[in-house]
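Worksheet: one structure, shown below.
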Amino acid sequence: MYLWLLYAVALVTTSKAYPLLYDDWTAQDLKDYILQRANDQSSPVLDSNFNIGGDELGQVSAVDVDSDGHVYVFHRADRPWTLSTYKANSDILTDEAKTPIGKDTILKVDPKSGQKIESFGKDIFNVPHGLTIDHKDNIWVTDVGRHQVLRIPKGATKPDLELGEKFVSGDDDKHFCKPTDVAVASNGDFFVADGYCNNRVLKFSSTGKLSQWGVKEGNNGMTPYTLNIPHSLTLIEELDLICVADRENSRALCYNAGLHSAQTPSQAQFNRTLIPQSEIGRVFAIAYNKAAQEVVAAGVVSEAPIIENDSILYPPRAFTYDLEGHLVTSWAFITQDMAELGPSLIHDLCVSKNGQDFYLADLDQQRVYKYTSNWEADLGGV
């Protein structure tokens, strides 16, 4: 019997409306929510055949797939991001952290087994964060220690483009401060989430910056342009949208991407709320599933199982939304076996091109989990 069956919970019907803010939930609210959103065969299920063996990974910060379906994993090897990574009260790396990681930080693996195909990235990165593969199979990465965005061409192992000044943070057109993610459009325009310090999103073309938006705190309180650690980006090109996981505001927002406009405004126009504030806790990552026309998200309802009255509740770690901002299903429930590995934090996730396989980068457990909607074919049924 497969592991997911052991921890599936029966659906419960109730008319109760949950409070908007997760912080206001009672223990019973959380229990009812988990029961209502329990796993079923329409949700992705864990593929235990996928396994990256040995001690290959450090903190796993990002994951994506190329046009051939191969999975790329960005991780921090033997250099975790800790309180001693930066000098006190600054964005400047310590002298030790300025030495690049001496092990490969990018791993290419088989999408079915997780077996390593190749690895690279040694002596380049300091604090790996985001990884995106564009339509030409170029790899775009962000390094929050270098304060840079880098591009590695298809088939290469070293960057051919570096944006931002190495080790120098800033908030102008030529500097970043701990950038978190990149999204690349088919026309070559790309977006950068300049996340941890500047709380902004920037749009670039081959000629330079086109626009930017986002502030951490506004005079009018919370607005669609108030961002607090924009942590992840995804493009929905059919709708001309760029969507942002606004992590510390516990929501995801979409803006007009302006990919087909002759003129680009200085600030993208807000279009819609994709994930309402605090519905799933902090939103760490979002990815567009083009095949299903849905968005998957990594959120934090809880980072570990919850013990209540001698019962153990297994909260979900991933969520599927339709493009109108409605929650479709919750999945990737924490299991007892996973809990024994320590706290779980899904830092990033991606979707296969056929829209049926999902790869979740667990930062704390230093592994990648695969879930699949094609469970009969991939897992052989039950």
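Placed from the backbone N, Cα and C atoms, the Cβ positions cover glycine too.
Among the candidates CYS197, CYS254, the disulfide partner that TrEMBL records for CYS243 is CYS254. Taking every pair among ARG76, TYR196, ARG247, the residues listed as contacting protein, the largest Cα to Cα separation comes to 21 Å. Long-range contacts of the repeat 'NHL' (168-207) within its own chain (CB-CB distance under 8 A, at least 6 residues past either end) are made by residues 62, 91-92, 129-130, 132, 134-135, 138, 140-142, 144, 147-149, 213-216, 227-235, 237, 242, 244, 247, 255, 257-259, 264, 268. Fewest Cβ neighbours within 10 Å among the recorded positions LEU131, CYS177, CYS243, CYS254: that distinction goes to CYS177. If you measure from the Cα atom of VAL63 (Ca(2+) binding site) to that of TYR196 (protein binding site), you get 19 Å.
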